[in-house]
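Worksheet for the structure shown next.
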Amino acid sequence: MLFALSSAILGILAFLPFGFFWLFGFVFLIPLFVFFIKEEKLWRLILGTFVFRLVLATGTVYFTFEPIIWISSIFIFLGLPISVFAVKKIIKKTPFGQLGNRLLFILPILWTLFDHLQARYSLLPTYLMTAGNIFGSSPFAGLANFTGLLSLTFFAAVINSVAALLIIGFLKEKQLILKFPKFKFYLPIIFILLFSLIAAWWISQSQLQKNKIAYDNFTDFIRIAVVSTRRNFSSPDFFQLKRELLGKKNNFDFLILPEDILDKSIISANDAVGNSQDDSLYVIENLAKELNKKTIATLDTVSGEKRYNSAVLFDENGNIADVYHKRRLTFMGEYWPFDWQPFYLNWLKKFNPESKNYAIFNPQKQYVKGEMKILSFDYNKKIQFASPICLEIHYPNDLKKIKESGAKFLINPTSNRWIDIGANHFLYLTNNLRKIESIWLKTPIVSSGVIDSAGIFTPGGKINSDYFESSDNYVLFIGEIRY
């Protein structure tokens, strides 16, 4: 059990937003893998894995804590120790005889499988804490060019598995260094480990450079203005922002606003698209008209009796040109499928007053699921893009389908008002994920949000963004997207 706990602590260090702490990603699985090799009892394998995952989540994604979500998520991951136990039984019955360390050759595959099964099928996606996401801020991020987070996760598991093989040897031979005849048996393993790291670094840098050259060679581009705000952004701040945008209107052609920018964005159904004016919509329509710029903002919309979280695209005249309704709704916050509430959630309303509007507390606030959609507008020629809203950026397979449907770039508007403690940690992990996805899909991703950075993640692994460095309640980033 101590091995499992040690792995969790090393994993917490690996996910911290500090300098070279990603290096812990090369060692954090070693104690757990040694535990899998040594332990023979199924119940201890399951308990150790449960403790590992619970402690790792507590130190990594503590800002998402909710018992139902966490426990159900960890139960998915418990398929790993059960699979380990089954594989060990099978190996013991083969002509190979004793188990030895053969399991270490299978563990990278099993780890990658269940790390991503948990991430995908949890009530809230947990891609932020997959092993591959550790390396979004490392020189190895270019390995995402192959299969995204999958290739990075598998790479991390392989390195940890080879290192675990060495550790097991050291544990068997406490005086190994003094017994050169036995030590030299491990020299090839050390060489393979070092060679793998050097080769992976070289491949990563080569892939990033290839992506950068391809992106820089795109001849078409559009100039964008991206806005992110603080939690207490208000109408006076909005009009200050408008004055700045009017002063810089010749520097951009497309304005991107965050989700729920004014925090009051209910739009009633009246016309063909399902929108009529309220205060927030009126302000944004007029902003687009005054700037004479295409504008996208993420608002609440109502069509009939159905409520949506929608990315609304306005043309230069302030008319609604297109609408995308969010497809991946947030559990508890945007939908709650039950007619009961967990008793322990009453404390949430005390510590986070904004939670009173969550779907779990207010069924009238529930959203309806939309459909996957590509947005488009004319700019010299037709431009297709997508706007995965907030948590939808945490579904890599959805983004791949969007890319294959013709999207030239992605816009990720967010509202992180729900987060208090750990906001910087959350943004670090989210930006790692955005960077990895941009590299993998070879597609620029724009971030714009409440309590978020404003900028562009490019396929070459570069992040062009601004964050809050002044006392202003917003930040304005102006740049260009190539496509």
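Cβ coordinates are placed from backbone N, Cα and C, and glycine is handled just like the others.
Residues annotated as domain 'CN hydrolase' in TrEMBL: 222-483.
TrEMBL lists 12-35 (among others) with the feature transmembrane segment.
Note on the transmembrane segment (42-62): residues 1, 3-5, 7-9, 11-12, 15, 32, 35-36, 70, 73-74, 77-78, 80-82, 84-85, 126, 128-129, 421-422, 426, 429 of its chain, located 6 or more positions outside it, place their CB under 8 angstroms from a CB of the stretch. Summarising the annotation, TrEMBL assigns transmembrane segment to 42-62 (among others).
Taken from TrEMBL, the feature transmembrane segment covers 68-87 (among others).
The transmembrane segment annotation in TrEMBL covers 99-119 (among others).
Residues or ranges marked as transmembrane segment in TrEMBL: 149-171 (among others).
Taking Cβ pairs closer than 8 Å, the transmembrane segment (183-203) reaches residues 26, 139-140, 142-143, 155, 158-159, 162-163, 165-166, 169, 173, 176-177 in its own chain, all 6 or more past its ends. What TrEMBL lists as transmembrane segment is 183-203 (among others).
Non-local neighbours of the transmembrane segment (99-119) in the same chain are 29, 33, 36-37, 73-74, 76-77, 79-80, 83-84, 87-88, 91-92, 125-127, 129-132, 149-150, 153-154, 157-158, 160-162, 164-165, 168; each lies 6+ residues outside the stretch with a CB under 8 Å from one of its CB atoms. Counting same-chain residues at least six beyond the ends of the transmembrane segment (68-87), those with a Cβ under 8 angstroms from any Cβ of the stretch are 36, 42, 45-46, 48-50, 53-54, 57, 103, 106-107, 110-111, 113-115, 117-118, 121-124, 126, 331-332, 342. On the 0 to 100 pLDDT scale, the model's mean across the domain 'CN hydrolase' (222-483) is 88.
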